[in-house]
Amino acid sequence: MSKRDFYEVLGVPKNASDEEIKKAYRKLAMKHHPDRNQGDAAKPAEEKFKEAKEAYEMLSDPQKRAAYDQFGHAGVDPNMRGPGGAGAEGFGGFAEAFGDIFGDMFGGRRGAGGGRQVYRGNDLSYAMDITLEEAAKGKEAQIRIPSWENCETCHGSGAKPGTSAKTCTTCSGTGTVQMRQGFFSVQQTCPHCRGTGKIIPEPCVTCHGQGKVKKQKTLEVKIPAGIDDGMRIRSVGNGEPGTNGGPPGDLYIEIRLKKHEIFERDGDDLHCQVPVSFITAALGGEIEVPTLQGKAAIDIPEGTQAGKQFRLRGKGIKGVRASYPGDLYCHIVVETPVKLTEHQRKLLRELDDSLKKGGGKHSPSGESWTDRLKNLFT
C-alpha cells in the first residue's frame, strides 16, 4: 500500500509554515490519541496517529522536508539512504509538539536538564469595596493579604530539626514516573512525593513539612481613576508560592462599587432622580442638582412632566480607557404635595375647576386620553 502525501496527511499546503504544520499535527494527534479512542475505533485511530506522527517528523525537520519536497517518499526512505540516514526517533516529534500542552494540562513543567517538575503557584483573589467617588477619582489603599515565608524552625527544609529529607525511591528524585499504555508512554507526577523528588520522614511540627508558614503582609494598591464595578487589578507575583522553584501566582483585586445614595452608574454615565414640586414643574424655574464635581443649575421649562430627562454633558465619570467623561442624566420626579391644610385644599379645588373649564388644553395628554376612553366604551 502506497503512502499518502505527508502534506495531505496533515491537511496543509506545500508552502505551509512550520507553525501551521505544528498546529495541524497537534490537532490530529489529539483527535486520534489512543486514550481517546477505544473499542472498534482504537485500531484505525492508532494507524492515523502513527501516520500523522511520521508526517510531522519529516516536515518539521528542514533537511528532511527539503529532501521530501525534491524526491518524495524516496527522499526520506531509510532503505534508500546510507548509514547517516534518518532512523527511528521514538516520540521525539510528539514530545516537541506537545510538551507545552501537557505541561499546561497538568500544571507543571520540567526543570532545566530534565529535573523535577516545577509548578506555578495558585492565583489569589481579593474583593475591595469602594465608593463611587473613589472610583471616579482613583485612590491608593493598603490591603492585608496572605504571604508565605520560610519556616524559622526548619529554615525552609520542611524536615524536623536534626533530620533531613530523603530522595524519593519511587521516582529516584525526578518527581515524575513513566506510565505505559500500549505503545504510548505518558509522564506523570510522582504520586509518592507529589513531584518534589523528596520524602520527609519526620516533618517539621511548625510547618507540617511544607517548609513555609502562612502569614499576613500589607500591600500598597493603586486604584486607577474611572475603574468600574467588577473590574480586576492584577498584582503580579503576589499569589501563592510555586513548587520546586516555580514562579508564584498572581493576586487579582476585584472592585465592588458600593451603592450610592444619589447616583447610579451606567458605564461612564451617571443617572439620578431629581424631585421637583408640581408648582415648579408647571411654572418652570431654576433648580440645583448634585454632581460629583459639586452643584449644577438646570432650567426647568414651563409645563415639565414627570420623567422628563435632562442631560449634563461631561458630568459623568471618565472611564479607565475613555478619552473624555460620560454624562449625567437627571430624571425629573414631580412631587405631589401632602398634609395639606383646608385652605390649601380649597385653593387646589379652585385651580382644578379653573383648569377643567379650559378643557384639555391644560393637559398634554388630556384630550387624547378622553378620546381613547370614548372609543373604548362606544
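Cβ atoms here come from the backbone N, Cα and C positions, even for glycine.
Taken from Swiss-Prot, the feature domain 'J' applies to 5-72, supported by sequence analysis. With DSSP states grouped into helix (H, G, I), strand (E, B) and coil, the domain 'J' (5-72) comes out at 54 helix, 0 strand, 14 coil.
The feature zinc finger is assigned by Swiss-Prot to 138-216. Secondary structure counts, DSSP: the zinc finger (138-216) has 0 helix, 35 strand, 44 coil.
Feature annotation from Swiss-Prot assigns repeat 'CXXCXGXG motif' to 151-158 (among others).
Swiss-Prot lists CYS151, CYS154, CYS204, CYS207 with the feature Zn(2+) 1 binding site, giving sequence analysis as the kind of evidence.
Taken from Swiss-Prot, the feature repeat 'CXXCXGXG motif' applies to 168-175 (among others). The average pLDDT the prediction assigns to the repeat 'CXXCXGXG motif' (168-175) is 86.
Positions annotated as Zn(2+) 2 binding site by Swiss-Prot, on the basis of sequence analysis: CYS168, CYS171, CYS190, CYS193.
According to Swiss-Prot, the feature repeat 'CXXCXGXG motif' maps to 190-197 (among others).
Long-range contacts of the repeat 'CXXCXGXG motif' (204-211) within its own chain (CB-CB distance under 8 A, at least 6 residues past either end) are made by residues 150-154, 156-161. According to Swiss-Prot, the feature repeat 'CXXCXGXG motif' maps to 204-211 (among others).
Annotated region 'Disordered' per Swiss-Prot: 354-378, in sequence order.
The feature compositional bias 'Basic and acidic residues' is assigned by Swiss-Prot to 369-378.
Within 10 Å of the C-beta atom of CYS207 (Zn(2+) 1 binding site) sit 22 other C-beta atoms, taking all shown protein chains into account. All chains included, 24 other C-beta atoms sit within 10 angstroms of the C-beta of CYS193 (Zn(2+) 2 binding site). Summary of the Zn(2+) 2 site environment: with the site residues CYS168, CYS171, CYS190, CYS193 set aside, the chain residues having Cβ atoms within 8 Å of the Cβ mean position are THR169, THR170, SER172, GLY173, THR174, GLY175, THR176, VAL177, PRO191, HIS192, ARG194, GLY195, THR196, GLY197, LYS198, ILE199. Neighbouring residues of the recorded Zn(2+) 1 site, listed in sequence order and excluding CYS151, CYS154, CYS204, CYS207, comprise GLU152, THR153, HIS155, GLY156, SER157, GLY158, ALA159, PRO203, VAL205, THR206, HIS208, GLY209, GLN210, GLY211, LYS212, VAL213 (Cβ within 8 Å of the Cβ centroid). Comparing CA positions across the binding-site residues CYS168, CYS171, CYS190, CYS193, the one lying closest to CYS151 (Zn(2+) 1 binding site) turns out to be CYS193. Across the structure, CYS168 (Zn(2+) 2 binding site) and CYS207 (Zn(2+) 1 binding site) place their CA atoms 20 angstrom apart.
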